[in-house]
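Enquirer: For reference, the structure I am asking about is given below.
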Ligand code: ADP
Ligand code: C5P
Ligand code: MG
């Protein structure tokens, strides 16, 4: 039997705690390999700043480190993918699926219309992530880059996101990256993991 290559878009989810380096590494993949990159957090901040009817809810979730209902996030991701051109694309989707609700909503709305060959899990300890976010807070202008919100974001990450990482692990689809090293060293690991897709 001939193995026909899939014509579906490929989606690689990128998960990891706040400050683990998701955005940084995705930007490098875009620059060097032309991947399309969507950050669920960036899309939610954009939607909040547009002043739409969901803005207040989104902002409340962001400050509290809670996860926005998937109906909102999934629509933003779908629109973002359509805008980039859906067909035959390699997408990095950063910060999604963040909990079971995200996972189920995606499965329902997008599901089998894309392939998810694997996800990346950017692994870093909380002390390192805190130091990075405190540094980032000097210029990010984000209202959740403060120690109070950060503690809540870590709790959400541990309680809601890690089970999703583990779910992909059990499917043999999780590629764990040591995010503690320098940006270039981490990127070299991504290049190894993505061999065959770049
Ligand atoms: P995330 O998107 O996972 O929250 P970012 O990519 O925004 O994380 O990185 C958080 C902060 O840490 C940024 O200021 C970034 O410049 C810095 N950073 C990212 N990766 C590294 C790294 N490997 N070593 C040191 N600092 C890093
Ligand atoms: O990934 P990022 O750090 O930019 O996410 C910021 C915040 O956006 C999260 O703490 C959360 O409140 C919200 N978010 C969400 N659902 C996602 C991604 C982000 O609710 N899938
Ligand atoms: Mg980010």
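Glycine is no exception: its Cβ is also placed from the backbone N, Cα and C atoms.
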Enquirer: Can you find which of 132, 153 TrEMBL lists as binding ribonucleoside 5'-phosphate at the same site as 45, 66, 67, 68, 95, 96, 97, 98, 142?
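Expert: Candidate in the recorded ribonucleoside 5'-phosphate site: 153.
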Enquirer: According to TrEMBL, 19, 20, 21, 22, 23, 24, 181 bind ATP; which one of 90, 136 is listed for that same site?
Expert: 136
Enquirer: Looking at 102-112, 113-123, 135-145, which one does TrEMBL call region 'LID'?
Expert: 135-145
Enquirer: Based on Cα distances to residue 181 (ATP binding site), point out the closest of the binding-site residues 45, 67, 102, 142.
Expert: 142
Enquirer: Counting every protein chain present, what is the number of Cβ atoms, excluding its own, within 10 Å of the Cβ of residue 19 (ATP binding site)?
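Expert: By my count, 25.
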Enquirer: So which binding-site residues out of 19, 21, 22, 23, 45, 181 are up against ligand 3, CB under 6 A?
Expert: 22, 23
Enquirer: Go through the binding-site residues 45, 67, 95, 97, 102, 142 and tell me which ones have a CA within 10 A of the CA of residue 136 (ATP binding site).
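Expert: The binding-site residues close to residue 136 (ATP binding site) (Cα within 10 Å), listed in sequence order, are 142.
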Enquirer: Where does residue 23 (ATP binding site) sit in DSSP terms: helix, strand, or coil?
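Expert: For residue 23 (ATP binding site) - judged by DSSP and reduced to three states - the answer is helix.
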